[in-house]
């Protein structure tokens, strides 16, 4: 029985082959390979097969060629000894092959074929791979694998122990081993417990098989994870604790217990904000490294959406121009070297793209005070926050991967510096008392504020867009997922992606009321040339008629006798005064007033000082 078994050579059986049940063995194997021995596999033939992408076939034919070059008697004797020893160890090690010690002698420079089931994938002719020259695997078969006995150079093969059961390879779980893996990495003695459920795939070097992404591990092993969903590992390096944002501005020297650190800003002044990646992934080059961040000014208190929109609308109604924004970004060269795709997505928010492999830097100014949201005088202003949300292009979600904030207080006319000086003065006075009383140590002045991370990533921020400009703003519903091919180079500047959904962010109450703007008042400071003190002329309406009424009331000049009114600029240009000059270019200006009477009418000349 054993001799008959040795005379049979292993065969390749396809599962979906019609002759699957009709197995037969070839006893006269020397005649079967006689033609092959007469036409040996030359180096040129191997090179041509490698160029055509069939390196594995070249390796297999070379293995068979070396096997059948050996005389039949030596081959049968070596195979019999190996077979007897392997059958004894087969039941002990659950079918794992063992190599005989005799086969490792220097004289045995052959490779013995063992009938160990090993799965390869046979491609069908009607399915073509995405790359064109490779085919998509479809059928799994059990073939024999050769154990390296002795070669002249270092062997690149490895032995794999598998259960002797023929089964179809599940398409959802594939493990592909590289041919360059050393033999000591994968042997029959160090297989993991679940190795029986992982059958080696074909060694075709396909990058994509049935749209399953391939994950590369340096330097010599690549795993194609078919059972893992793409959302589980795509952009896995972007985690909530991997970002840090810093604002270069002065912080309060007297923080209140339990409150966040207060940062003082001047209205309209630009401050740099640096965005970078930190943690264990710092320094690792990301193949897809673009992220989008949104910097916005929001209210610190937990106010409802309606209250926030009401405050923003009140602030916007009191601005000199409808184009006034709550937050602006500077076009500094230092900033634009690190960011791209800048979008003013709302009056209180700015979006841009930056690279994780480099630090992003932007210069931001805030144009609203904390006291601008109420008409009452002397009330404490509403606290404001600078909030930064960072979104990944790969997580296919409108939920940010990181969110952080810092509390700010905005002053006008260099008020931030005055506030810091006042706190320093109070702190210096307290130091004298601390020496005697021994109070808590004072805080040192720092000009760097680190944004504090937020755990709530689900709440959508309120973005303010005035009704008059709502239709002109470019925005979309969600962050659109983009393929890695689109991210290889610079993102297309024309791509407009917002991480917000517009559902009810900017909806106004059902009953809209027209906004009634209070008439703008113009104040002029005038004096006669013979006088030293200025008089204030308050124009009830910013028109030429309003100016005539104010002059008539102040200097008792009959309004019906006032003729021409001129304005003399600092350059000496004399122009006719009209409504536009009074409304837009004369508020709180100082003038010399000259009143001349000629022919029963008065001519007024306002000379700009």
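Including glycine, each Cβ sits where the backbone N, Cα and C put it.
Here is what Swiss-Prot says about this protein:
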{"type": "REGION", "residues": "1-91", "note": "region 'Transcription activation'"}
{"type": "REGION", "residues": "183-207", "note": "region 'Disordered'"}
{"type": "COMPBIAS", "residues": "185-206", "note": "compositional bias 'Polar residues'"}
{"type": "DOMAIN", "residues": "239-465", "note": "domain 'Grh/CP2 DB'"}
{"type": "REGION", "residues": "371-380", "note": "region 'Interaction with DNA'"}
{"type": "REGION", "residues": "418-421", "note": "region 'Interaction with DNA'"}
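On the 0 to 100 pLDDT scale, the region 'Transcription activation' (1-91) averages 55 in this prediction. Per-class residue totals from DSSP over the region 'Interaction with DNA' (418-421), listed helix then strand then coil: 4 helix, 0 strand, 0 coil. For the region 'Interaction with DNA' (371-380), the DSSP counts in helix, strand and coil order read 0 helix, 0 strand, 10 coil.
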